[in-house]
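Student: First the structure, which I've put down as structure tokens, then a few questions once you've had a look.
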């Protein structure tokens, strides 16, 4: 690389990743094959449209690449329809929402502070700007989704669309109950499985594909693919919907809202990376990987509990959990900064019914997907939790410096994919 400034910064980032314990639940490591595809000459090709129906010439090979990605996605998820063009999970959600409802219609989504996502109706996001939004959350006592309460809220606000899914909810979501609620109020159901897609395809979480009208996901996080999005559908893929005043099959409506509705040319180099990720996730080794992610995450959560920390909802069924720091003289923002200082990266996170602002937060979110990709086992994950607890409980700069040395020495033994 001739650009020394960029090259040096990339090398610094590589060293940072090598010497830090990555616990951000939305991050992971891709394989070398995926990185090679994303960095390939495919980035040169413009390919507006869909396979065999492009607005540019010279697309025969990229048609094959996108068709292969679609075929593999359908096989992996057990779907009848897949659109692999969305540049991100947020853009996948935008396109899916626009295919199902119209501006001004009502959306019922999970409260952001209870574990939802910006695109599920937040007032600062397109979903809350162009649509009327209502929210459900978790029970104050159990910190679990109360489906009876969701039904009550749905009957009160009569949404046109219900969104199920979360970015910081550590328990299994019952998608069938959400579909029952949606059917009760004649609403569409959109399931956002961005965080749990890997668990679903590996068989460790119930699937939304034949339950929801549409399912969206990112292709990174627990899928270990490149940064990107995907839209899927099962038995409802050809259901007739009213789109721009006309009846249209759902999959055709989605194709229209992705291109030309919300995007121009697809990122063919990223689609190639997605295709590789789908193939990798179809292997038995991927199921073993997800099983280990769940084991490692549970081990860490249980250690925090044994050390007197409160875990939101009492535990975890997936790849993440939230630690409530309210009993410490420490905000989530403080903890994030402190742990960054000892080479452990995670993020501050609001907890349900949080009294602190989102910029401070009362909790931290911990994910086990990335460390498992580096080969950490349950005992290693226990050691990671011990590092964190030591750092959070000490107020000694000398001790923090010692912890940092131990963290670097520990994590260097694990290769990055």
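Any Cβ shown, glycine's included, is placed from N, Cα and C.
Annotations for this protein, taken from Swiss-Prot, read as follows:
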type	residues	note
BINDING	112, 116, 117, 118, 247	(6S)-5,6,7,8-tetrahydrofolate binding site
SITE	220	site 'Plays an important role in substrate specificity'
MOD_RES	221	N6-(pyridoxal phosphate)lysine
Student: Of all the binding-site residues here, 112, 118, which one's CB has the most other CB atoms within 10 A?
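Tutor: Selected residue: 112.
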Student: Between residue 117 ((6S)-5,6,7,8-tetrahydrofolate binding site) and residue 221 (N6-(pyridoxal phosphate)lysine), what C-alpha distance do you get in Å?
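Tutor: So the alpha carbons of residue 117 ((6S)-5,6,7,8-tetrahydrofolate binding site) and residue 221 (N6-(pyridoxal phosphate)lysine) sit roughly 15 Å from each other.
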Student: Among all protein chains shown, how many Cβ atoms are found within 10 Å of the Cβ of residue 220 (site 'Plays an important role in substrate specificity'), not counting that one?
Tutor: 27
Student: Among all protein chains shown, how many Cβ atoms are found within 10 Å of the Cβ of residue 247 ((6S)-5,6,7,8-tetrahydrofolate binding site), not counting that one?
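Tutor: Residue 247 ((6S)-5,6,7,8-tetrahydrofolate binding site) is surrounded by 9 other Cβ atoms within 10 Å.
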Student: Please determine which of the recorded positions listed here (117, 221) has the lowest count of neighbouring CB atoms within 10 Å.
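Tutor: Each of the recorded positions 117, 221 was scored by Cβ atoms within 10 Å; lowest is 117.
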Student: Who sits close to residue 116 ((6S)-5,6,7,8-tetrahydrofolate binding site): which same-chain residues at least 6 apart have their Cβ under 8 Å from its Cβ?
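Tutor: Long-range Cβ contacts: 109, 110, 122, 135, 165, 166, 167.
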Student: Any idea what the Cα distance is from residue 221 (N6-(pyridoxal phosphate)lysine) over to residue 118 ((6S)-5,6,7,8-tetrahydrofolate binding site), rounded to a whole Å?
Tutor: 17
